[in-house]
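Per TrEMBL, these features apply:
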ACT_SITE  LYS119  active site, charge relay system
ACT_SITE  SER194  active site, charge relay system
ACT_SITE  SER218  active site, acyl-ester intermediate
BINDING   LEU168, SER194, VAL215, GLY216, GLY217, SER218  substrate binding site
DOMAIN    73-540  domain 'Amidase'
Amino acid sequence: LLLRWRRRRALWRKVAEAQERQERSLVRMETAVQRFREQHPSVHMASIVSLPLPELSKKLRDGSLPPDHVFYAYVGKALQLATETNCITEFLQESENQVRKAKRMEKQGLLYGVPFSIKDSIDCQGHDSTLGFIKNLNKPAAEDSVVVQVLKRQGAIPFVKTNVPQSLISYDCKNLLFGQTRNPLMYTRTPGGSSGGEGALVGGGGSVLGIGTDVGGSLRFPAAFCGICAIKPTGKRLSKRGVMSGVVGQKAVAAAVGPLAKDVESLALCLRALLSEDMFSLDSTVPPLPFNEEVYSSTKPLRIGYYETDFFTMPSPAMRRAVRQTKQLLEEAGHTLVPFELTNVDYVIFNYCVRGLFADGGSSFVKKFKGEMERGGMGLFFWLAKAPNWLKTLLCWISKPFVRSISFYLSQRLWDSAPTPLTTSSFPPQDFCHQFIAQWKKLNLDVMLCPMLGPALGIGYPAKLSVAVSYTMLYNALDFPAGVVPVTLVTDEDEEQLKGYKGYYRDWWDRTLAKAFHGSVGMPVAVQCVALPWQEELCLRFMKEVETL
């Protein structure tokens, strides 16, 4: 007991050191902004941070806005958001030197002088990528990730790292090191996750461009919950070298790196900058596919598939209305909308997604928590991974009438103590993908309009509602590009209709989801825009159409 007490005390010291470092970062930001304001009292910072990225980058390149004016305007706004939402884990102090160099340099690169934020799990030289784990403290990255290197070569300046949930396998944003991040639109709501710090910072206007990752909706949840745009590209369209993973080694559910921004044109500009020769030379595993301007700028009417529900997670009234209103606007604009029927989503989520992520019965994932003081709200997961099979079978039988998610976990033997290696016959995601594409081609579709979970759930609810990722994780399993665009706000009528929300299974999980949605009048609701693999430009073109309408 004494040894255990001493060990926990040492761990708490490390946590305190991390929090002190975070506090020092905020003090440095405050000092830097105050110094700049004293030297340049006439600079109107609010007007700078109100500019959309394309206009901001144009003014930086033509010299009408100096890089230091833009940089310190965003440092000031980011500091305000960090105080309100706890979204920033670290200020990258060397960014001040990069700004000074940028003033002396030739104005090169599509993103010359643009400050951008990066998710904690993306390596930046000299800084930790903690994933919310104590064991990852004081282990600074030896070099920048490829994505950060490319953006720097395009003239952009990384200035802060942002918060994540412990392990990244959550769509909330809390860890023991840096605490809970809050939604900038309503502090009692989660900003989403796992790129939750990015969602809060960009959503609140503290960063004009954020870079995050997505393995089940980790870009799309924060964007939808915070009222901004994001795109999850095809898994290998952008380099993942130097990007830490929540579940190392798994290939079944494609992870992706992608941008978050206030509008679709900003996402397109970011992808133009990233899909350059620099990306392809720094990481030869990335296919050399430059940004296709012709596809993005096309005005040809689209043939669009759509669905209002996946028949697994019942959509909230606002989600259903968002799809219906968007469908109507698209039809009025001359596009063709075709119903698309999803089937067996429950089987796909549990057998392809959950089973694929934790193909070893979750043992390697559980090992990551060894020596940590908390488990990020994953107590049930740890119990399932360690419990004997006879007990799982008994619990499956008992829980079936009450909680379908636990029952399904157990009945499918996803957490066998002695898992067998995956084979083509036991785990065929490619077959499912081909079937999905065949249905897509049969309907002659260009893109798909889909629901996006929303509005933002109350803080703490994502840990209880893990299988609500069904709308997003489907497109990680398929490895399709998918983006989100906010289209409406929750109304009083939506809130009234929510009183009749029962769910498809009428179990504890459905009742909890109804409570999580409750009290959200005025919060944003998004739709999801999807294209076939490697068609990010078409996905963005569709997102732009939805945004414009």
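Cβ coordinates come from backbone N, Cα and C, glycine included.
Heads up, TrEMBL stuff is auto-annotated, nobody curated it.
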Looking only at C-alpha atoms, tell me how far the residue listed as 'active site, acyl-ester intermediate' is from LEU168 (substrate binding site), rounded to the nearest Å. 8
Close recorded positions near LYS119 (active site, charge relay system), where close means Cα within 10 Å, chosen from SER194, VAL215, GLY216, GLY217: SER194
Calculate the distance in Å between the alpha carbons (Cα) of LEU168 (substrate binding site) and SER194 (active site, charge relay system), and round it to a whole number. 5
For GLY216 (substrate binding site), what residues in its own chain, 6 or more apart in sequence, show a Cβ-Cβ distance under 8 Å? ILE169, TYR171, VAL253, CYS353, VAL469, THR472, MET473, ASN476
Between all pairs in LEU168, SER194, VAL215, GLY216, GLY217, SER218 (listed as substrate binders), what's the biggest Cα distance, rounded to the nearest Å? 11
Cβ-Cβ distance under 8 Å to GLY217 (substrate binding site), same chain, at least six residues away: TYR171, LEU453, VAL469, TYR471, THR472, MET473, ASN476
Other same-chain residues whose Cβ falls within 8 Å of the Cβ centroid of LEU168, SER194, VAL215, GLY216, GLY217, SER218, the recorded substrate site, in sequence order: ILE169, SER170, TYR171, GLY193, SER195, THR213, ASP214, LEU219, PHE221, GLY246, ALA255
Between SER194 (active site, charge relay system) and VAL215 (substrate binding site), find the distance joining the two CA atoms and give it rounded to the nearest Å. 9
Average the per-residue pLDDT over the domain 'Amidase' (73-540) and send me the rounded value. 91
